[in-house]
Amino acid sequence: MTANEIRVHNFNAGPAALPLEVLQRAQAELTNFNGTGMSMLEMSHRSPEYEVVHNEAKTLLKELLALPEGYEVLFLQGGASLQFAMIPMNFLPQGKKAAFAMTGVWAEKAYEEAAKMGAVMIAASAKENNYSRIPSIQDLAYDDDCAYLHVTSNNTIFGTQWREFPETGKVPLIADMSSDILSQPFDASKFSLIYAGAQKNLGPAGVTVVIVRKELLDTANKNLPTMLRYQTYAKDNSLYNTPPTFSIYLVNLVLNWIKAQGGLAAVQLQNQRKAAAIYEAIDNSNGFYIGHADKDSRSLMNITFRLADTGLEKKFLQIAKQANFVGLAGHRLVGGCRASAYNAVPYQSCLALKELMEKFQKENA
Ligand SMILES: *Cc1c(COP(=O)(O)O)cnc(C)c1O
């Protein structure tokens with residue numbers, strides 16, 4: 001069998017599918033990176049060979065996001081979850097409030113961590129609808145002198161995604177983009193800070209990307225432990241201590257892969273096509289499948305749905321498993337099914353899922 005034939009249809013929510021080409025490249029270089037006679041796993045983070053990879057990843061991220069001047073790209077550990085705490089530690093001073101758009105469980109966690117650190121407020125919430133929609137931008141209510149407004153660009157568990165982002169004027173806009181960064185072009189210059197755990201759309205687990213505007217960085221709290229200060233990472237090119245070198249190496253391979261696809265505009269077209277195939281199976285099912293998210297809030301990355309006859313869900317997941325589909329069980333808070341169609345999930349897998357859903361409906365309606 002070829003490598004392609006062995007691979008499953010991987011709809012895992014995270015860690016998630018990586019491009020086959022990236023895995024093959026990593027495999028080919030695993031024992032001897034670039035003629036060094038060493039694996040990337042065995043190499044000093046101070047070596048010139050590693051530094052090239054490290055800096056290329058930063059440059060490519062800036063290029064793919066079309067980041068204007070004035071931003072730092074940082075590599076951290078601790079996942080997006082540590083960012084929930086680090087952001088208020090650094091940027092929520094006494095006497096100010098941090099505002100949150102509550103659009104899902106990850107937003108709740110970010111809010112709860114900030115509440116331990118300082119004053120918080122809710123700018124909008126979609127909780128009463130079990131997070132099935134994104135609040136409209138006009139409904140966001142926060143003080144003009146807020147420390148920042150925090151949004152979750154894509155809600156991994158509920159399958160909703162912001163279509164547009166607010167103009168926040170003097171209030172810094174901060175986004176958790178863990179599950180949709182680099183899935184489509186967007187205006188990065190609106191944001192003062194963007195963060196993303198790598199394991200959904202950027203690479204493997206172990207590294208978190210933080211993109212921060214230098215103006216915001218200059219206001220950061222200086223009385224924090226070294227490793228909890230963004231300044232530490234910014235000053236030393238994220239090489240103050242040992243970074244997760246192999247994860248960053250894989251992120252760099254993924255970024256090169258995205259560039260080779262044609263960048264974010266090309267990736268967006270693919271992602272739209274992929275999500276459309278699966279949403280079509282839902283929308284054309286006469287109510288056999290029920291999407292969780294409101295249509296105008298639907299995510300291109302995480303497609304959440306239930307079966308009208310919930311008794312059939314177990315059977316559907318079983319049949320999917322037999323047909324080489326992985327990761328389709330929904331999160332326990334939503335139930336049903338979730339297909340995570342991140343950048344690296346091929347169109348063919350999404351088409352195969354659509355066909356499976358149609359066939360299952362025919363046989364069980
Ligand atoms: C997965 C996820 C997280 C949690 O990421 P960790 O790296 O596990 O801490 C946070 N926010 C969003 C939107 C996510 O999808």
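Glycine too: its Cβ is placed from the backbone N, Cα and C atoms.
Bear in mind that the values here come from a model prediction, so they are computed numbers and not experimental data.
According to TrEMBL, the feature L-glutamate binding site maps to Arg46. Sequence-distant contacts of Arg46 (L-glutamate binding site), defined by Cβ-Cβ distance under 8 angstroms and a gap of at least six in the same chain, are Leu239.
According to TrEMBL, the feature pyridoxal 5'-phosphate binding site maps to Ala80, Ser81, Trp106, Thr156, Asp176, Gln199, Asn241, Thr242. Taking a C-beta cut-off of under 8 Å and a sequence gap of six or more, Asn241 (pyridoxal 5'-phosphate binding site) has these contacts in its own chain: Met227.
Summarising the annotation, TrEMBL assigns domain 'Aminotransferase class V' to 9-343.
Residues or ranges marked as N6-(pyridoxal phosphate)lysine by TrEMBL: Lys200. Lys200 (N6-(pyridoxal phosphate)lysine): 30 other CB atoms within 10 A of its CB, across all protein chains.
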In sequence order, those binding-site residues of Arg46, Asn241, Thr242 whose CB lies under 6 Å from ligand 1: none
Farthest-apart CA atoms of Ala80, Ser81, Trp106, Thr156, Asp176, Gln199, Asn241, Thr242, residues recorded for pyridoxal 5'-phosphate, distance in Å: 31
Fewest other C-beta atoms within 10 angstroms, as judged across Ala80, Trp106, Gln199, Thr242, which are the binding-site residues: Thr242
Cβ-based isolation winner (fewest other Cβ atoms within 10 Å) among the binding-site residues Ser81, Thr156: Ser81
